[in-house]
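> One structure, pasted below without further comment.
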Amino acid sequence: MAQWWQILLGLWAVLPTLAGDKLLSVCMNSKRHKQEPGPEDELYQECRPWEDNACCTRSTSWEAHLEEPLLFNFSMMHCGLLTPACRKHFIQAICFHECSPNLGPWIQPVVPNGQEEQRVWGVPLCQEDCEDWWRACHSSLTCKSNWLHGWDWSEEKKHCPAHEPCLPFSYHFPTPDDLCEKIWNNTFKASPERRNSGRCLQKWFEPTLSNPNVEVALHFAGSALAPQLSYTLPAFSLCLLFHP
């Protein structure tokens, strides 16, 4: 019996770490992402912050910078040119989505209960990230608030539906929170937390600095696993108590 209790104590110490590791430094299962993160030399421009540990390839980082990204068969110019600052924020958001290895706590299957392709859901972007993105795009034009669904595919590429005219971003996204959360169908969540709080992710950071999102992913990975461990380990403990 003493040996079993020693094993249990070891599980209490080790299981949270082992389980948490599954949510840290991982890539989602998709056609564009690598199977696992690792160094990538010469990522293109806005994707450079992830060169030390990336889920994207150099080719993907280059495609993220095209006016009509091959990644999504979609033109950011569907209502004319975005302002340079607005376009830069979108490229940074694409790089973050494609390259970051710190999105594990928010990875979910595209199809409920499915085991194949995955997406991220509700990634908490820092307040400044949403505000800066919104200000940069305030005067640019778009015809939709959700860029993932509801497009006209009659010409094999996404075009504005006939009944949805081009209007300023401020019409479709009255607040920074609206932009962050609606634009990619809840891929991102507008966090009330600010940068360096350890409770929100930055969609971009200076390539010369360490990745601030590692600490944040660690925090949320622990939070996500706490409910599971709170049932599993006590249940095992009870079994030992009644073990003859």
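Every residue gets a Cβ built from N, Cα and C, even glycine.
Per Swiss-Prot, disulfide bond is recorded for Cys27-Cys55, Cys47-Cys95, Cys56-Cys99, Cys79-Cys166, Cys86-Cys137, Cys126-Cys200, Cys130-Cys180, Cys143-Cys160. Summarising the annotation, Swiss-Prot assigns N-linked glycosylation site to Asn73, Asn185. Marked as GPI-anchor amidated glycine by Swiss-Prot: Gly222. Taken from Swiss-Prot, the feature region 'Important for interaction with IZUMO1' covers 62-81, and the record attributes it to similarity to another entry. Taken from Swiss-Prot, the feature signal peptide applies to 1-19, supported by sequence analysis.
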> For each of the disulfide-bonded residues (Cys95, Cys166), count the other CB atoms lying within 10 A of its CB, then report the residue with the highest count.
Cys95
> If you measure from the C-alpha of Cys143 (disulfide bond), which of the recorded positions Cys27, Asn73, Cys79, Cys166 fall inside 10 Å?
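Cα within 10 Å of Cys143 (disulfide bond): Cys79, Cys166.
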> Among the recorded positions listed here (Cys56, Asn73, Cys79, Cys86, Gly222), which has the Cα closest to the Cα of Cys200 (disulfide bond)?
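With Cα distances computed to Cys200 (disulfide bond), the winner among Cys56, Asn73, Cys79, Cys86, Gly222 is Gly222.
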> Mean pLDDT, the region 'Important for interaction with IZUMO1' (62-81)?
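Across the region 'Important for interaction with IZUMO1' (62-81), the average pLDDT comes out at 82.
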> Please list the DSSP helix, strand and coil residue counts for the region 'Important for interaction with IZUMO1' (62-81).
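Tallying H, G and I as helix, E and B as strand, the rest coil: 2 helix, 2 strand, 16 coil.
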> Can you tell me which recorded positions out of Cys27, Cys56, Asn73, Cys79, Cys137 are within 10 A of Cys95 (disulfide bond) by Cα, answering none if there aren't any?
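Those close enough are Cys56.
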> According to DSSP, collapsed to three classes, what secondary structure does Cys55 (disulfide bond) have?
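For Cys55 (disulfide bond) - judged by DSSP and reduced to three states - the answer is coil.
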> For the disulfide-bonded residues listed here, Cys56, Cys79, Cys160, Cys200, which shows the highest count of neighbouring CB atoms within 10 A?
Cys56
> List every residue in the same chain as Cys99 (disulfide bond), at least 6 positions away in sequence, whose Cβ is under 8 Å from its Cβ.
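Non-local contacts for Cys99 (disulfide bond): Leu43, Cys47, Pro49, Trp50, Ala54, Cys55, Cys56, Thr60, Ser61.
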> Counting across all protein chains shown, how many other Cβ atoms sit within 10 Å of the Cβ of Cys130 (disulfide bond)?
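The answer is 24 other Cβ atoms.
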> Could you tally the C-beta atoms, other than its own, that fall within 10 angstroms of the C-beta of Asn185 (N-linked glycosylation site)?
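Within a 10 Å radius of the Cβ of Asn185 (N-linked glycosylation site) lie 14 other Cβ atoms.
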